[in-house]
Structure formats: structure tokens, C-alpha cells
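Novice: Pasting the relevant annotations from TrEMBL:
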TRANSMEM  21-39  transmembrane segment
DOMAIN    26-476  domain 'Major facilitator superfamily (MFS) profile'
TRANSMEM  82-100  transmembrane segment
TRANSMEM  112-132  transmembrane segment
TRANSMEM  138-159  transmembrane segment
TRANSMEM  171-192  transmembrane segment
TRANSMEM  198-221  transmembrane segment
TRANSMEM  283-307  transmembrane segment
TRANSMEM  319-341  transmembrane segment
TRANSMEM  348-368  transmembrane segment
TRANSMEM  388-410  transmembrane segment
TRANSMEM  422-445  transmembrane segment
TRANSMEM  451-472  transmembrane segment
Amino acid sequence: MAGGSFVPSKNGKQFEGNVTPFVLVTCLVAAMGGLLFGYDLGITGGVTSMEPFLIKFFPSVYKQMKNEIASTNQYCKFDNELLTLFTSSLYLAALVASFFASITTRKLGRKISMFAGGLFFLVGALLNGFAANIEMLIIGRMLLGFGVGYCNQSVPVYLSEMAPAKIRGALNIGFSMMITIGILGANLINYGTSKLEIGWRISLGVGAVPAIMLCIGSFFLGDTPNSMIERGQKEGAKKMLQKIRGIDNVDEEFQDLINASEEAKKVQHPWRNFVQPSYRPQLIFCSFIPFFQQLTGINVIMFYAPVLFKTLGFENDASLISAVISGGVNVVATFISIFTVDKFGRRALFLEGGIQMLICQIAVGSLIAMKLGVSGEGSFTKSEANLLLFFICAYVAAFAWSWGALGWLVPSEICALEVRSAGQATNVVVNMLFTFIIAQVFLSLLCVLKFGLFFFFAGFVLIMTIFIVLLLPETNNVPIEEMNRLWKSHWFWKRFVHDVAPKLDRKDSN
């Protein structure tokens, strides 16, 4: 049975409605876009640690890994620019795609953007699976990046617009949940294919499966009422709103959406307006949340997990199993956040996760320092390796229920309709830019900074936690159209956001 809920409007009224099975299933299907991103995050590290893959595409890395002299320094075993380019090229492509995805999402709807993302990812996965040379491999990675860019742009916005305010956090975190399931699934597939000569082809090619699921699923999805009204489909939007709320009388809420859309249409240049002072808090959070999210160091663990564990002295099977364990913890912790985000709020999860990550990063850095030192020579005993894995898993759990889940939720829920696509595009662009940078420089940084790299990330965790304490108001249970009142009452942001309408670049301006 659907549970009852009320959706408050911007004028203080409450719109009666239900949490319907339709909206739950719709959001579940849309959240599958996260599988694409998660699968790639998880599969890449495992594939780049498979010897047949290295022999075919990166023979110099294979020789360096097998060379006894070079291998004594555990920190530098996989330091190779071409190998990191393979990993990071996807995120550069996703960054570029985000600009086009922003236009597609606004002009053609969220549903079309999700389908396009699935199609790009499908072609890229097939190219990678059948790759005969490094050029084919990189082109495939770039197409995967286009798919990730389109999905990361459209899915969080879709979920925030479809979900009732009281469970918006839980439904939006469905996207993060699918990312973690994708990572875990990829780790399991890597473990199963690691002994096969063509195991890397299977691992890369299976990425076509979630892409096909998303392409098919998007055909059965309806677009959001907000997007349909924005594109002039008012009759269809009203029917969709009735299905979402589970009631026929949605006239008052429907009129609210129309009013918001008409105001949004007066804005001619969303990007130009997004950088004006009145949208300063949205610009800051859509930029700094993804920036800080990457500088937690999480993607070091996620897409380099097998390589990292192997670097720290784990055997090949042990490194893959350890990656599976950390991937499983990621899923469970994200699942926990679904049930806690709307109960305890965003700030509580951000702060608890930040403190726990800080402790774990310091512990991991200290353990590695004691065993490998500056020289990078040494190895872990079984008990020491288990302790290291425990702290890494505790770190992954803290990230999953804080910056992992909320890093996509908060930017997608704080922007007004007129700048929502620009805000989400900013979120994706910054996220992909720093994912690219971290992916490109991590192995080199590990070789140079050694165990100090973990203290480097710990320092940023401290900074970002202070950032949240001082600047982020609680957005829990606040409808999207009422977010502006949070900024008006905040001790810092109220100097930028005023009751007087901002001087926007409008179509009807002289």
C-alpha cells in the first residue's frame, strides 16, 4: 500500500498525496543510470591488474611490475602515464559531455538524456570488449565517458523532481545505491574472470548489460511534470503528477509548477544567471561538494582498489577479494543512508562521515608508514593486512553514507528550476574534472608522496567537514521550491540572497 504524505508548497500550503508504487518503481528504474558509473569505477582497477590485459596494451607496465629491482619499491609498481590515461580518459569525456547533456536535459527532457547515456555506454562497452589496439580501447573509454556524463546529469535531477519532499533523500540516494551495486558487481566479475586469458574482455564487455537495461527501462519511464511543463506538455504533465501523487485533485500543486516554469522561462541564459550573487550559495555548493567529494580519496580506493591492495603487498587473489569486501561494505553503508538521510538529516550524516573518514585515513597512512616506510620496501603480515582492510572498509562505509550519497543528492535539490540544469551540469563537470585529475595523478602521487598521500586526503577531509559545519543549512524535508528561504535565513548566505527579486538576464528585459 502507498503511504500518505504531504508536499508543502512555496506559499506554505500542503498538497495531499501518496507515496505511490508507481513513483517508487519509476525512481528505481531511473536510478539504474548509477549502475553504469559504478560498474566502470569497479571494473577498471581489476582489469588494469590483469596480466593478459597489461601484456597486450601496456607491456612496459607489465615489465616494470615483473622487474625485481623496480618491484622492491611497492609505491611505484604501476606508475605509468599511458595506463592512467586509460583510466582517466573516461572522466575527461564525461566532463565535456556534461555541457551537451545540460542542454539535452533542458530542451528534450530528462528521459531522453538517460536513454542517450545508456546508448553511449553500450557502444563504448562493446568497443572495449572487442578492442584490438590501444586506440580502440581509448575511444571506447571516451564513449563510456559520454554515457556517464549524460546519466550523471539527468538521473539525480529526475529523481529529485519525481520524489515527494519527505522521501526525496531516500529516493535520490537510489542513484548512489546503484553506483555501489555497480562497483560490487564489477569487483565480483573481476574476481571471476581474473584467471581467464580473455577475462579482461569479459569484464569490459559486460558493461553493456546495465547499459541495455537503462536503454530499455527509459522507454517505459515518464518524464517529470517539471520537465514536461517546461517543454509545453501541460496536459501530459498533469496526468503524470496525478500518477505520482496517487490522487486526481492536483490542481493547486499543478498550478504551482506552472508558475515556477513560467518564471524559469523568463530566464534567457541560465548559465549567466547562475553566477550572479543571488545564486551564490547554489554555485558554491554545486562546485565545492563534488570538488571535496573527490578529494576524500574515495576513488583511489574504488577504481584502483585491486592495484592499491596489490601495491601494498597483497597477492593477486587477495587483492581482488579485498576489493570485493570493500565493495560490499559500500553497498551496505549506502543502504543504511537511505533509511537515515530523511530521519537524521543531511548535516548529521556529513559530519559523522567526515569524522570517521578522518580517523580512518590517518590510521591507514600510519599503518603503511610503519610497514613500508619511505623506501616502499616491506610487506604486511596476515593480521596487519586484515587491520588495514578493516580501516579501509570503515572509511568506505563513512564515505558511502555521507559524501557518497549526499554528494549527488544535495546539489540536485538546492537549485531553482530556472538554473537547475546549469547547477547539475556544474556538479557533474566539477566531479568529472577532479575525478580525471585524481585518476591521472594518483599513481604518480603514490610514488612521490608514498604513505603521505593518505595524510594529504585526510587534510582535505578536515577542511570539508568544517565547510559543512559553517555553511550548509539543513535541507531535509524542505521542498525544492522553498529552498531559497534557507539561504535568506542563513548567517552567511543572507548577504547574497534577498527577498527582492534578483536582477536576472530575462527574455522580457529591456
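Note that Cβ sites are derived from N, Cα and C of the backbone, with glycine treated the same way.
Mind mapping these onto the model and telling me what they sit next to?
Specialist: If one looks beyond the transmembrane segment (21-39) by at least 6 residues along the same chain, the residues whose Cβ comes under 8 Å of a Cβ in the stretch are 2, 114, 117-118, 121, 144, 147-148, 151-152, 154-155, 158-159, 162-164, 171, 174-183, 185-186, 206-207, 210-211, 213-214, 217-218, 220-222, 243-244, 246.
Beyond the transmembrane segment (112-132), the same-chain residues lying 6 or more positions past its ends with a Cβ under 8 Å from any Cβ of the stretch are 30, 33, 36, 57, 97, 101, 104-105, 139-151, 153-155, 158, 201-202, 204-208, 210-215, 218-219, 221.
The list of residues near the transmembrane segment (198-221) in space but at least 6 beyond its ends in sequence, with Cβ under 8 angstroms from a Cβ of it, reads 26, 29-30, 32-33, 35-36, 39-40, 43, 46-47, 50, 52-53, 111, 114-115, 117-119, 121-122, 124-126, 128-131, 140, 144, 147, 151, 182, 186, 189-190.
Nonlocal intrachain contacts for the transmembrane segment (388-410), taken as residues 6+ away from its ends with a CB within less than 8 angstroms of a stretch CB, comprise 152, 156, 160, 168-169, 172-173, 175-177, 179-180, 285, 289-290, 292-293, 296, 298, 301, 312, 322, 325-326, 329-334, 336-338, 340-341, 346, 349-350, 352-354, 356-357, 360-361, 363-364, 367-368, 380, 427, 431, 464, 472, 475.
Sequence-distant contacts of the transmembrane segment (422-445), counting only residues of its own chain at least 6 positions beyond either end whose CB sits under 8 Å from a CB of the stretch, comprise 78-81, 83-85, 87-88, 91-92, 94-95, 98-99, 101-102, 105, 145, 148-149, 152-153, 156-157, 270-271, 273-274, 282-283, 286-287, 289-291, 293-295, 297, 299-300, 303-304, 307, 407-408, 411-412, 414-415, 453, 456.
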Novice: By a Cβ-Cβ criterion of under 8 Å, what residues six or more beyond either terminus of the transmembrane segment (82-100) are in contact with it?
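Specialist: Long-range Cβ neighbours of the transmembrane segment (82-100): 40, 44, 48, 57-58, 60-61, 120, 134, 137-138, 141-150, 152-153, 303-304, 425, 428-429, 432-433, 435-437, 439-444.
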Novice: Go through the chain and flag residues at least 6 beyond the ends of the transmembrane segment (348-368) whose CB is under 8 A from any CB in it; none is fine as an answer.
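Specialist: Sequence-remote neighbours of the transmembrane segment (348-368) are 296-297, 312, 337, 340-341, 384, 387-388, 391-392, 394-395, 397-399, 401-403, 405-406, 450-455, 457-458, 461-462, 464-465, 468-469, 472.
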Novice: Who are the long-range neighbours of the transmembrane segment (451-472) in its own chain, taking Cβ under 8 Å and residues 6 or more past its ends?
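Specialist: Distant contacts of the transmembrane segment (451-472): 281, 284-285, 288, 292, 295-297, 300, 346-347, 350-351, 354-355, 357-358, 361-362, 364-366, 368-369, 372-373, 403, 410, 442, 445, 490, 492-493.
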